[in-house]
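Single-structure report; data block below.
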Amino acid sequence: MTAMTRILIRHEFILGILFVIVLFAMASQNDRFLTTANLLNQARLMTEVGLIAIPMTFVIVTGGIDLSVGSILGLCAILLGVFWQNLGLPLPAAIGLSLAAGTAAGFANGLIVTRFRVPPLIATLATLALYRGLAEGISQARSVRGYPDWFAVLGRGDFLGIPTQLWLFALVAAVGIFVLRFTTFGRTTYAIGNNEAAAEFSGLPVVRTKLLIYTASGFISALAAIVFVSRVSTTRSDMGSGIELEVITAVVLGGTSIFGGRGMVIGTLIGLCLMQILQNGLSLSGVRGDGTTVVIGAVLIVAVLISNLLSRFSSD
Amino acid sequence: MTPILELKNITKAFGPVKVLTGVNFDLRPGEVHALMGENGAGKSTMIRIAAGDHRAEEGEIRLDGDVRRFAGPREAQAEGIIVVHQELLLFPALSVAENVFLGHQPKTAAGLVDWGRMRREARDLLDRLDCPNLDVDQKVSRLSVADRQRVEIARALSRNARVLIMDEPTAALAEADVKRLLEVVRRLRSEGVAIVYVSHRMNEIFEIADRVTVLRDGVSVGTKPIAEVTEASLVSMMVGRDIHQLFPKEDIPRGEKRLELRSVSLAGVVEDISFDLHAGEILGIAGLVGSGRTELAQTIFGVTPATSGEILIDGKPQKIASVREAIDAGIAYVPEDRGTHGIIRAQPLRENVSMAILDRLTKFSVVDTGREQSLASDAIKRFSIRARDARQRVGQLSGGNQQKVVLAKWLATDPKILILDEPTRGVDVGAKTEIHRLMGDLAKKGLAILMISSELPEVLGMSDRVLVMREGRLSAIVDRKDASPAAVGAAMMQGRREPARAGAAR
Ligand SMILES: Nc1ncnc2c1ncn2[C@@H]1O[C@H](COP(=O)(O)OP(=O)(O)OP(=O)(O)O)[C@@H](O)[C@H]1O
Ligand SMILES: [Mg+2]
């Protein structure tokens with residue numbers, strides 16, 4: 001098989017085509033869709049899911065899963081408000097502490113998965129409940145408002161004509177692409193997902209790599225919390241609930257195998273954009289929210305089916 | 001007599017690579033037909049075509065004289081063509097009985113699985129295979145390789161095999177288990193089952209086969225009754241040239257002490273092991289499967305760190321608590337189970353070869369793919385690995401070539417101490433001599449080599465000293481001049497009560 005056909009049947013390539021088709025279909029349906037203002041606004045809206053999807057790609061490539069990201073987001077959002085308003089800390093310090101808390105939460109996930117060998121699905125299902133419970137306990141159903149203006153720049157402002165948080169997202173995505181694709185860390189991530197025992201027998205730092213990945217997942221979830229709070233300029237304890245499903249959908253749609261060992265950050269990015277324009281385009285055309293969910297589910301199934309079919313030709 | 005199974009003019013290519021060209025093969029009822037050939041000659045591929053796993057581009061398959069096309073393995077199985085694959089394909093979490101009847105469980109009138117009957121019939125099948133002490137409720141993950149294989153064969157029998165194809169069934173077995181397996185094969189033959197038997201081991205072929213077919217580079221070189229061939233003529237049919245020396249062992253002066261173990265134990269598995277290993281020496285470890293040889297090797301390599309005792313490298317005590325520390329101390333380990341510990345099937349050859357030295361191939365932790373590529377190309381040349389290129393996924397290589405990849409991967413670490421666990425398992429005669437010669441060269445360069453092998457001739461032929469293990473303990477260390485099959489065999493068996501009931505494999 002030539003290199004060209006190999007590229008043509010890559011999941012990421014098929015997804016890219018699908019993306020272009022959907023883009024044109026949506027644009028022809030509605031003339032408010034394909035405008036710079038709308039697209040930039042959509043990019044702003046998808047940043048939180050997108051940020052978390054980057055470390056989630058790593059997690060899923062190792063053959064794991066992190067269901068607790070939404071709860072970490074909620075917890076960190078609450079902590080930000082509490083540190084700033086109730087404890088009277090300066091906002092930058094509150095941000096720093098909140099980021100530290102998210103990192104610690106991710107590290108705890110990593111410890112449970114690696115040291116105690118609890119399957120990631122179960123470990124993070126438990127911490128999903130645990131972290132959300134903590135968030136609700138701390139917030140006592142009160143919300144925090146009145147953040148200073150400078151803070152809103154992150155979530156609602158622009159930098160060089162592009163939403164501020166998009167720069168942050170681009171940075172995280174670039175780091176993700178680079179690390180997974182070119183470094184020993186990325187190599188180890190794939191090796192773990194494909195054959196963990198062989199990775200261990202090769203002297204690769206399996207435990208440390210997994211620990212770092214879950215920790216990064218916690219840290220980025222906290223970062224997403226800061227962006228989220230800044231964008232909506234209020235803090236509530238139910239923030240980010242259910243976001244893990246959107247994140248996982250984007251990653252899997254992007255061609256990462258849920259069994260591990262296969263996947264790329266680029267794929268995740270395309271998957272994410274595809275999901276976002278579907279949501280936006282459909283709602284502009286007056287389709288209700290649950291209708292949109294059905295469409296996204298269908299697209300997910302079709303994308304996975306096509307790539308399975310094609311990978312049969314490529315495997316031998 | 002019409003052959004029961006006949007392959008005519010079979011051609012098969014994977015992409016641009018032709019693997020089989022015009023292969024002919026026929027199988028008569030009640031015969032054992034050996035299939036031989038070098039690594040990558042196309043034996044497994046031919047078998048997969050006969051079993052409906054692969055479709056041939058050209059040629060036909062005849063069953064009882066009628067041309068058939070199998071759409072998939074299920075159709076072939078329905079006709080009684082059953083394969084025991086090179087890589088055993090059992091479900092480790094299921095019980096023996098469940099594995100035997102997977103996919104065709106006996107049902108009750110209500111359509112539910114008839115557990116009682118299933119267990120009874122599994123029991124009967126295993127008795128037929130002469131393994132009365134294999135428990136049908138045992139989980140397969142707890143069985144030794146030999147027992148797993150019996151389960152595979154029972155599974156074949158449960159489908160009323162008329163044609164039983166065995167792809168390197170003895171590659172993973174110890175001598176005693178091989179004997180039992182050959183017994184089973186004979187019994188099946190006398191019951192009228194036609195058997196295709198793939199193996200690289202000459203003595204088995206001469207013991208069991210009625211006819212032999214040789215494949216070379218995807219072409220069938222010839223089919224002969226076993227009485228008309230000799231070991232030498234088979235080898236030259238396979239490799240196209242003569243191989244003179246079987247064990248090219250050279251005398252190398254013993255260098256300084258590289259590795260020393262002082263009463264090393266791994267609680268409950270290996271007990272109180274002491275020996276030393278010198279530069280330029282090849283120390284063989286003999287023992288039955290389950291005698292703790294692999295466990296000892298993995299203890300030295302830091303997979304399961306020692307619970308007591310001392311390991312000294314170059315005379316200095318060395319703590320080895322992890323694989324990383326072992327590699328850094330200059331130890332390399334070529335594992336016994338290459339599928340689960342040696343290679344990553346889904347990743348390219350290139351990434352497999354560099355895996356153990358990834359940290360040395362980096363600049364600011366970015367993998368230097370240029371150097372990696374040249375490392376892989378060198379390995380392909382040095383070990384004559386048959387692969388399309390360095391980007392081919394290792395899972396697509398033939399079994400013996402996968403083994404060469406593992407060897408290349410570990411020699412890339414430039415070790416001082418090399419532990420080889422069944423280094424020639426599934427490797428053809430030519431490559432086997434090559435590996436043996438390589439071991440000699442490495443020893444000459446001052447490597448200290450520890451070699452575990454279940455093939456007694458290999459241990460005796462290659463080692464300067466033989467360390468014999470029994471039930472987790474050292475039972476003897478025999479010098480080369482005293483190492484006779486009888487002496488080593490006796491040390492292996494001494495005081496054993498129950499024969500060939502191997503401990504659980506990892
Ligand atoms: N799925 C595949 N895709 C590409 N090439 C393949 C595939 N399967 C096998 N091959 C190639 O076909 C050739 C024959 O392989 P095969 O497994 O039949 O060899 P073999 O005779 O069984 O060797 P061994 O004794 O080492 O098991 C090899 O060169 C191998 O790389
Ligand atoms: Mg084979």
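Including glycine, each Cβ sits where the backbone N, Cα and C put it.
Looking at the stretches A:11-30, A:291-310, the one that TrEMBL records under the feature transmembrane segment is A:291-310. Within the chain, the transmembrane segment (A:91-112) has long-range Cβ neighbours (under 8 A, six or more residues past its boundaries) at 66, 68, 72-73, 75-77, 79-80, 83-84, 118, 120, 123-124, 126-127, 131, 147-148, 151, 210-219, 221-223, 225-226. Annotation: stretch A:51-84 has the most Cβ pairs under 8 Å to the transmembrane segment (A:250-279), among A:51-84, A:166-184, A:291-310. Distant neighbours of the transmembrane segment (A:291-310): 9, 11, 14-15, 18, 249, 252-253, 255, 274-275, 278-279, 282-283; these residues of the same chain sit at least 6 beyond its ends, with a Cβ under 8 Å from one of its Cβ atoms.
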